[in-house]
Every structure is written in C-alpha cells, then in structure tokens.
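Residues or ranges marked as GTP binding site in Swiss-Prot (evidence: sequence analysis): Gly14, Pro15, Val16, Gly17, Ser18, Gly19, Lys20, Thr21.
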Amino acid sequence: MSDYHGPLRVGIGGPVGSGKTALMDLLCKTLRDRYQIAAITNDIYTKWDAEFLVRSGSLTQDRIVGVETGGCPHTAIREDASMNLAAVADMRAKFPDLDLVLIESGGDNLAATFSPELADLTIYVIDVAAGDKIPSKGGPGITRSDLLVINKIDLAPYVGASLDKMQIDAKRMRGERPFVMTNLKTQEGLDRIVGFIEAKGGLRAGS
C-alpha cells in the first residue's frame, strides 16, 4: 500500500482514556527500527499527547507533531481533515523515505471515523472499564474500523465486565472484520496489532 500512496497512513481513534496514546507509543517503539515512522496527534486545545510521546522517547522530536483541532475533534479527521493532511505533507517533505504515519484522533465518541483521504487503515480502541455493552452499541468505530482493539482486559474482574460477551458482541457487530483483545500495559495482544498493520498495510521492513 505504501508503494502506491506514499507512506501508509494508519488512523487510531477511540474514546478518551481508552489507550490510543499508549498504543501510539508502543507502535512507534516496536516499529521504529524496521520502518521510517512519523506520528501525528490531535488534541482540542493542547498538544499533550504529542508531548507525552516526546517525553516517552517514542520517536525523535522532529518526527512527532501535535495538531490543535479546536471544537469537535472528529471534524479534523473526517469533514475537514486539512490540518492533518497538511501535517502529513510536512512530514513527507522532511522525511521523503517515510514508510508509516500514525495519526491519533482526539478523544471522541463511537461515531468518529477517519476520512479515507486521511487514513489508509483505521484502528479503533475501546476499553473494558467503560463496560461490556460497548461493542453492542455499534457506531462506525465499532463496526467499520479495519481493526477493533478491546483494551484493558485485565480490568474486567474489577468492573464486572464479561470478556466473553464483549467478544461475542464484537463478532456479531463486525462480521469478518478482525478485533484484538489487549492489555497494552503488559503489551498483551500488541504483536497481533503489529502483524495486522504490516500484513494489511503491505509494509516490508527495509523496503
């Protein structure tokens, strides 16, 4: 995919606190020795997520940019993605050999989706602590994302959530589209997300 469209662009969305930035951090650290990567984050009035990635050492600072969206964060990834498209263009100008751009949306609801003009692949992150009914609620993030990540599975016993119910509902709502159960704190399930990005996105190390 990256051969024909420039770098592969992966959009990562999900509600506030679901684990989007943690996933961005882990993906950068896991893939940075295999591919040329840049990271773009979206926040309403701050650049907190970008600053977190810099502090964490996810990538060098020049490969991380924070977009301040103002207003509704979903607008900046869907109806008017111009700020994010400009950020991608700037990164491509700085790093012509980019293989992968990770784009994190601002925290939003289940209706948030990425414009196909902005993202080649979309990953939607939800968390068990929000309740086991979340997959059954549907919405574009649940039903249409290329990969659904159900994070914080370790919290299920503490919040009375049934992981079996979440998996059954995810299968029912998504059909053949894949989902992954994760505990990003311990990196459980991370390898499956990485494998999905590489396989579905057509990435080849050293290409």
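Yeah, the Cβs are placed from backbone N, Cα and C, and that goes for glycine too.
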Sorted by sequence, non-Gly14, Pro15, Val16, Gly17, Ser18, Gly19, Lys20, Thr21 residues with Cβ within 8 Å of centre, GTP: Gly107, Val125, Asp127, Asn151
Neighbour count (Cβ, 10 Å) for Ser18 (GTP binding site): 25
Cβ-based isolation winner (fewest other Cβ atoms within 10 Å) among the binding-site residues Gly17, Gly19: Gly17
